[in-house]
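Under the heading Fe(2+) binding site, TrEMBL lists His87, His89, Glu93, His132. Per TrEMBL, the feature Ni(2+) binding site maps to His87, His89, Glu93, His132. Among the features that TrEMBL reports, coiled coil is placed at 59-86.
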Amino acid sequence: MVEFYYHDNKDTPDNFTEAHSTGEHVPEAELARIGVFYRKCPTIEELDKVAVERQYKNRDEITLNLKTFNNDLDAYNAKMKQFYAEHYHEDEEIRYIVEGEGYFDVRNKDDRWIRARMEPEDLLVLPAGIYHRFTLSDGPKHIKAIRLFKDEPKWEAINRGDRPDSAARQEYVQSLA
Ligand code: KMT
Ligand code: NI
């Protein structure tokens with residue numbers, strides 16, 4: 001089951017896969033206010049239902065662990081670094097966890113990091129334009145997730161500092177007002 005909490009901001013390049021919890025829980029309603037949608041889907045049928053409601057017609061699967069990089073630690077670390085760099089996308093990021101564990105961090109209105117510890121059966125939808133980052137946890141160091149999407153998703157990660165005025169980002173900022 002997911003857990004939402006404020007991140008302690010004590011992460012370094014050597015320890016960012018640790019929990020970094022302040023111990024301060026964040027209610028789901030606060031996530032809803034920044035456009036983040038969460039649903040526990042204990043079965044694929046329930047995931048399918050949400051997909052129909054939200055018109056996610058397509059899906060694929062992503063597995064991340066050292067083995068998926070042929071045990072190339074440098075390639076694995078480079079990917080982890082990329083996912084953990086703060087970024088946004090021009091489309092929703094929709095992830096349903098099947099195996100393993102990972103952290104999705106999202107910025108709240110005051111630019112504080114809210115961390116979602118994601119486990120199997122958790123579905124999380126990040127709105128287009130929200131700044132976020134991802135890392136595997138230092139537990140299983142493995143995740144299998146279903147990525148859902150509408151048509152041709154724009155997976156491109158736009159790092160913080162780059163293109164802060166895109167239509168997607170502006171629309172998101174306006175949606176918070
Ligand atoms: C992203 O863009 O942040 C990701 O796709 C994270 C990895 S999903 C397990
Ligand atoms: Ni992303």
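Backbone N, Cα and C atoms are what each Cβ position is placed from, and that goes for glycine too.
Curation does not apply to TrEMBL; its annotations are automatic.
Structural mapping of features recorded in TrEMBL.
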| residue | record | Cβ neighbours (10 Å) |
| --- | --- | --- |
| His87 | Fe(2+) binding site | 20 |
| His89 | Fe(2+) binding site | 19 |
| Glu93 | Fe(2+) binding site | 23 |
| His132 | Fe(2+) binding site | 22 |
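The average per-residue pLDDT of the prediction over the coiled coil (59-86) is 98, rounded to a whole number. Secondary structure from DSSP puts His87 (Fe(2+) binding site) in a beta strand.
A Cβ within 8 Å of the Cβ centre of His87, His89, Glu93, His132, the residues given for Ni(2+), is found for these other residues of the same chain: Tyr88, Leu126, Ile130, Tyr131, Arg133, Ala157.
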